[in-house]
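What Swiss-Prot says about this one:
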| type | residues | note |
| --- | --- | --- |
| BINDING | Asp10, Lys32, 59-68, Thr122, Arg184, Gln193, 213-214 | substrate binding site |
| ACT_SITE | Lys61 | active site, proton donor |
Amino acid sequence: MSQSLIVALDFPGKQDVEQFLRHFEGEELFVKVGMELFYKEGPAIITYLKEKGHKIFLDLKLHDIPNTVKSAMRSLASLDVDMVNVHAAGGSSMMKAAIEGLEEGKQEGKERPICIAVTQLTSTSEAMMKKEIGIEKTLEEAVAHYAKLTKESGLDGVVCSTLEVPKLREVCGSEFVTVTPGIRLASDDVNDQVRVATPKRARELGSSYIVVGRSITKAENPLEAYKTVKQQWEGVTV
């Protein structure tokens with residue numbers, strides 16, 4: 001299950017990434033490249049990470065008109081990344097266009113990247129959703145609605161909180177992919193995320209993938225922190 005543990009490379013540039021990855025010589029990681037790093041370094045950072053043997057979740061959360069998203073996904077698929085995402089709030093036509101773009105852009109002989117949709121950010125509380133975003137449903141209802149729409153649009157799964165995974169299993173089935181950020185070791189600060197969980201709790205709730213950032217990247221010993229998270233995620237007793 002180690003390949004379903006995704007390490008968030010939330011760094012401002014390649015130099016920081018190189019320094020961090022020195023702790024993981026010989027390890028093939030599944031890493032997340034977000035907006036900050038990709039916008040600074042461009043496709044070259046993807047090439048660098050692929051050459052190191054790492055799998056890549058390119059976390060750009062596309063949200064635009066269908067034709068623009070289709071064209072963007074065609075370009076992203078050509079980078080040979082393993083996972084990409086969009087905002088479910090973009091609607092069914094946009095999500096279907098994303099899949100079309102990925103199919104057109106995928107490298108010959110390769111499967112298209114896994115495509116998932118963001119339901120609600122883990123920094124979103126129910127009060128914020130109702131007051132600022134204008135959604136009157138409960139948070140769980142809103143996430144379930146977006147997840148169902150995502151599945152009907154042909155995507156592979158969603159980004160969601162661990163707390164929502166059991167409900168989404170009911171709504172979308174056991175094969176529907178759930179990628180859960182907001183993962184912290186019990187001793188860590190939650191920082192700016194509201195809906196968080198430990199690796200053990202994520203496993204118990206049925207997450208397909210977990211995304212772990214600061215618990216590993218800010219640790220005094222990132223490799224040891226990675227091993228601790230991995231052990232908890234895989235249910236290994238040491």
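Backbone N, Cα and C atoms are what each Cβ position is placed from, and that goes for glycine too.
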All-chain count of other Cβ atoms within 10 Å of His63 (substrate binding site):
17
Rank the binding-site residues Pro66, Gly213 by how many other Cβ atoms lie within 10 Å of each Cβ and give me the one with the fewest.
Pro66
What's the number of neighbouring CB atoms sitting within 10 A of the CB on Lys61 (active site, proton donor)?
15
Using DSSP and collapsing to three states, where does Lys61 (active site, proton donor) fall: helix, strand or coil?
strand
Around Leu60 (substrate binding site), which residues of its chain at least 6 apart sit with Cβ under 8 Å of its Cβ?
Gly34, Met35, Phe38, Leu76, Val84, Asn85
Which one of these binding-site residues, Asp10, Thr122, has the sparsest Cβ neighbourhood, judged by other Cβ atoms within 10 angstroms?
Asp10
